[in-house]
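Annotation comment: Swiss-Prot describes Lys124 as active site, N6-AMP-lysine intermediate, evidence class sequence analysis. Per Swiss-Prot, NAD(+) binding site is recorded for Asp47, Ser48, Asp49, Tyr50, Asp51, Ser96, Leu97, Glu122, Arg145, Glu182, Lys300, Lys324. Taken from Swiss-Prot, the feature Zn(2+) binding site covers Cys418, Cys421, Cys436, Cys442, and the record attributes it to sequence analysis. The domain 'BRCT' annotation in Swiss-Prot covers 602-678.
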Amino acid sequence: MTPNEFFSIKYHILAKAELKAYIDKLADYLSQQSYLYHTLDKPIISDSDYDKLFRLLQDLVNDNPQFKPINSVLDRVGGEVLAGFETIKHKKKMTSLANVFSLEELRDFYDKIEYDIELECEPKMDGLAISIFYKNGKFDYAVTRGDGIQGEKVSENVKTIRNVPLKLNTSNPPEELEVRGEIILDKQSFLSLNEYMQTHENKTFANPRNAAAGSIRMLDSKVVAKRPLKLYSYGIGYFSKDFVYPETQFELMQLLQSFGFTISDNMFLAKNFSEVEEYHHKMSHQRADLAYDIDGLVFKVNNIKLQDTIGYTARGPKWAIAYKFPAEEVESEVLNVEFQVGRTGAITPVARLKPVAVGGVIVSNATLHNINEIKRKDIRVGDRVIVRRAGDVIPEVVKSLPQYRKSDAQMVEMPTNCPVCDSKIENVNDQAIYRCTGGWHCQAQTTERLKHFVSRKAMDIDKLGAKLIEQLVAANLIKYPADIYKLNFEQLTGLERMAAKSSQNVLDSITKSKEPSLARFIFAIGIKDIGEVSSDALANHFGSLESFRDAKFEELIEINDIGEIMANNIVSFWHDSLNIKIVEEFLAIGIKIQNPVKVEHAYNESFTGKTVVITGSFENYGRTELTQLLKSIGAKVTSSVSKKTDMVICGDNAGSKLTKAQELGVEVILEDNLKDLL
């Protein structure tokens, strides 16, 4: 049918069954036109006709909601605002590719396969990895990568992406099919979005990848629907037995395209390594001119049977490799050096730069790490410098170019007083890190401490974000953790951009956090160098806050994961009268800390009572899953290897922990032997 034929039908006089058939036909027609426009870039009707037909479908469904088609173009406009995302397990683990950083390493990968092979070559999109599940050809749900074992269900947001098929374009779909791809925002759309964000929300995204990832994790799919996200498919994950798998990777990509998915138009089939080199050379030179950001290239063995023969490691397939482009370096000028204050008072110098594009991002700030680095690199205000940025790494100043130095270039000196609160800055034990001594009296430290206090692994007050903390501190509404629990509705609604619903959500989130575990509370109060694992060890050892407060240095250093520096920091924390006052005030307002419950563990000869460290990645276990399993049989799982460690459980790609275990003579257990011991 044509648009005019749809318009000519007198749908208002149709019988119910005929009207439903008309609505279904119109929805299918619009889905096909959307596919032609967004995926193939070959529209056959005008934008005006599409908009009119879309509006007609909306009106018909609004008047006849019982006839709303499942997985139609109407789902692309977004729906209700969600309270949060459900976490679900992947049917097939979402692994990662191993990386190489030079043509020599790429050649090694090619030679190790020991076969005369073809490689399917494609750009490595710099976006958000996603899995989309289809049942009998219809969109079922979508999940982010997460930790590879489980991810967040973001179906409503992914449905709004115009080139994501809501129905597979095939008359014989498999019962189940999981399609994997990368959600991106092209360069021009990113610039347009940032212009809008700057004008309407006074903030911008750092790069297209962050914009895509941030958009998919929004709770309001109607906002996501307005953002021009795009999906590029690169393969499949889980599939049912009735799926006929093609013989080659290249044919698989063609099949996905026939199903309605967008694939890269820069794919290439290399018949030998010379053609791989040619592809690498071509894409390296074309990278800057592509419509979207790429951070490398992906090479996959083309023959599917050969892929199965070559196999997998726990981390990912051995038949594919990711070539990562080298870090991009450009010249800029140091306009000024400012000093930032962190949660523990650490003073970090930051270079304010003449804005320059590095790795697809406009960079105007770069870390200088510490004053010793500044002196070592001889960086001065006014210098021309080399700035480097790779992936999501914070931009850094690599070196100065003294040959271009002006006579008025100024040396950088560490201030003697805090730039925020004017307290003394001290350098303890002649270390590289200088610290503000203001503590809770320093607004910068207060703000960062409160951000840490409400964070997910601490008190988990998820609706109280970093920007809102800054607003509350600036408005003198909070200064100490207990102040958070004294906030009221009127105070919150009086802040900029805080409507009634948002304010109530914050208050509900605060109330929900009033019964933290002892481990969470210890982590939340922010004792220097005490992280999540150490907090857990302290909570399990002492059993209550009262016992922890009375801890002696000698007892602390006997605990796994607690060294002398950490023990000193704990003792110093409880010797500070302000810290004690803050904790007591916190308890006085009715916070109920949940002490750990002593659990009788199942006895296991190999692990009960043993101190265990886990390192590397595992084929049959997630890290969290393995940790919980070991704890359930009485093992103490710690994060670092020491003389107190009884054994190290080692997966693929183990690093320094394995080396240290071997140096100390600690028993090493490989995954192959682990199952028998468990």
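Sequential numbering from 1, following the chain as shown.
From the backbone N, Cα and C atoms, a Cβ is placed for every residue, glycine too.
Looking only at other Cβ atoms within 10 Å, the busiest spot among the binding-site residues Asp49, Asp51 turns out to be Asp49. Neighbour counts of Cβ atoms within 10 Å were compared across the binding-site residues Arg145, Lys300; the minimum falls on Arg145.
The separation of Lys124 (active site, N6-AMP-lysine intermediate) from Lys300 (NAD(+) binding site), Cα to Cα, is 12 Å. Listed in chain order, the residues near the Zn(2+) site other than Cys418, Cys421, Cys436, Cys442 are Val341, Gly345, Asn417, Pro419, Val420, Asp422, Ser423, Ile425, Thr437, Gly438, His441, Gln443, Ala444, Gln445, each with its Cβ within 8 Å of the site Cβ centroid. Averaged across the domain 'BRCT' (602-678), pLDDT in this predicted model comes to 82.
Its Cβ placed at the centre, Cys418 (Zn(2+) binding site) has 24 other Cβ atoms within 10 Å. Set side by side, the binding-site residues Leu97, Cys421, Cys436, Cys442 differ in how many other CB atoms lie within 10 angstroms of their CB, and the most is found at Cys436. Here the residue listed as 'active site, N6-AMP-lysine intermediate' is compared against the binding-site residues Asp49, Asp51, Leu97, Cys418, Cys442, and the shortest C-alpha distance is to Leu97. The binding-site residues shown are Cys418, Cys436, Cys442; of these, the one with its CA atom nearest the CA of Asp49 (NAD(+) binding site) is Cys442. With Cys436 (Zn(2+) binding site) as the anchor, the candidate binding-site residues are Asp51, Leu97, Arg145, and the one with the nearest CA is Arg145.
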